[in-house]
Amino acid sequence: MDRQDWVARPGRPLRGRVRVPGDKSVSHRALMLGALAEGETRIHGFLEGADTVATARILEQMGVRIEAPTPGVRHVHGVGLHGLRAPEGPLDCGNSGTGMRLLAGLLAGQAFDSELVGDRSLSTRPMRRVVDPLGAMGARIGTADGGVPPLRIQGGQPLLGTDHVLAVASAQVKSALLLAGLYADGRTSVVEPRPTRDYTERMLAAFGWPVEWSPGRAALGGGHRLVATDVEVPGDFSSAAFFLVAATVVPGSDLLLTGVGLDPRRTGLLEALRRMGADIEVLAARSRAGTETADLRVRHAPLSGIEVPEALVPDMIDEFPALFVAAACARGETVVRGAAELRVKESDRIAAMAVGLRELGATVDEAPDGAVIRGPLSRGGTVEALGDHRIAMALAVAAQCTPAPVRVRDVANVATSFPGFASLAAGAGMGLAEEPAPE
Ligand SMILES: O=C(O)C1=C[C@@H](OP(=O)(O)O)[C@@H](O)[C@H](O)C1
Ligand SMILES: C=C(OP(=O)(O)O)C(=O)O
């Protein structure tokens, strides 16, 4: 990917309507379950991001026909639970932790060997969290030194249903184990330290696989079949988050975000921003095929710092870069704790935001599992997104509150989760322009 920068500066108040792209978590899962189902699964609202496109390509490498008649639509011709073919080479997950961890579970149950690789960032992310519990089920998966990718998965291993008690609250780990459980003999169960997003459970049920779940627990048995079904992907709350914060902090803003998925395990930021004083209304809430979707009207409001309740952390795990910006624009200080997972995302997101916001004049005291953040953002400058999509978008939002322009370096990776962010943001009023990176 070519290096790309943005120059961001205060623009106009954010106004009008914005429709964010489809949910990344749902798009990955719809492809995977569609591939393993019998029949044709039609996905609408599919995220055309590099992460989800990488997952589609991997499934195609294993013999799944996936048509893309128009952008945002995929027709997945399922091959059935045992219909995948051995791939000819390594399977490239790109930047996607979700892709790699979920596929590790799915591939552990196949009759053939496979290898999962990723880009530079993904190649540093911890994989023992899936490799060890999959190993307890009988899977054989090798990693590079330090438990990082590539993952070499030996096929033909019989899997045994196992009861897992997880140390980290991770929907990716839970989902990997449930996907392996489809191929296991007996019952696979997962207990989480805190409830995480339950899209895998919901979608398995929609595809006809018997699964029991409640917040923090999930269980299924092997030996059933998946039947193709249509999937309507809601707008990604994690993408909407940047607009929620931008419209809240820029005076005069009044913005409508349409068709945003509001799964309760995803909307921790809504709760945190409201506690800080944000003015966000949920309008036209509707439930389609078990998915909560609504329009969000957000108007500028002054914010005050809070202590973010630890129980909210998994429900806003991808929204902390945006929350850090809201905190730097608030009166008083904001305290984040219990969020050590942020250190093993696409970048160390605590460090990345601390360095970026300090460059713009904020005070950020880092802790191993969080930070204390104090504004104001008192100057412009040059900040590093470190190739992390969420850091890039958060720092562009921060620049809407600085007295001088901000160059955000290394932003090309925004295409993994939010292609078209810069033009959508500029259209809504944000001051944001793409710039080639200097040599
Ligand atoms: O299951 C998923 O789709 C995801 C789970 C979260 O990761 P963890 O499970 O590692 O917390 C989140 O950060 C990621 O963007 C998507
Ligand atoms: C952490 C993220 O994704 P992944 O783990 O799939 O790379 C994210 O999108 O913020």
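Glycine too: its Cβ is placed from the backbone N, Cα and C atoms.
All chains included, 23 other C-beta atoms sit within 10 angstroms of the C-beta of Asp318 (active site, proton acceptor). As annotated by TrEMBL, active site, proton acceptor applies to Asp318.
Using a 10 Å Cβ-Cβ cutoff, Ser170 (3-phosphoshikimate binding site) registers 22 neighbours. According to TrEMBL, the 3-phosphoshikimate binding site annotation covers Lys24, Ser25, Arg29, Ser170, Gln172, Asp318, Lys345.
Gln172 (3-phosphoshikimate binding site) carries a helical DSSP state (H, G or I). Counting only residues at least six positions away in the same chain, the Cβ atoms of Gly97, Thr98, Arg101, Leu102, Val130 sit under 8 Å from the Cβ of Gln172 (3-phosphoshikimate binding site). Under the heading phosphoenolpyruvate binding site, TrEMBL lists Lys24, Gly97, Arg125, Gln172, Arg349, Arg390.
Positions annotated as domain 'Enolpyruvate transferase' by TrEMBL: 10-422.
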C-alpha of Arg125 (phosphoenolpyruvate binding site) to C-alpha of Lys345 (3-phosphoshikimate binding site): distance in Å?
7
Determine the minimum-neighbour residue: among Arg29, Lys345, Arg390, listed as binding-site residues, which Cβ has the fewest other Cβ atoms within 10 angstroms?
Lys345
Please give the average pLDDT for the domain 'Enolpyruvate transferase' (10-422) in this predicted model.
98
Among the binding-site residues Ser25, Arg29, Arg125, Lys345, Arg349, name every one whose Cβ is found under 6 angstroms from ligand 2, counting any of its atoms.
Lys345
Kindly point out which of the recorded positions Arg125, Ser170, Asp318, Arg349, Arg390 have a C-beta less than 6 Å from some atom of ligand 1.
Ser170, Asp318
I'd like the number of other C-beta atoms within 10 A of the C-beta of Gly97 (phosphoenolpyruvate binding site), please.
22
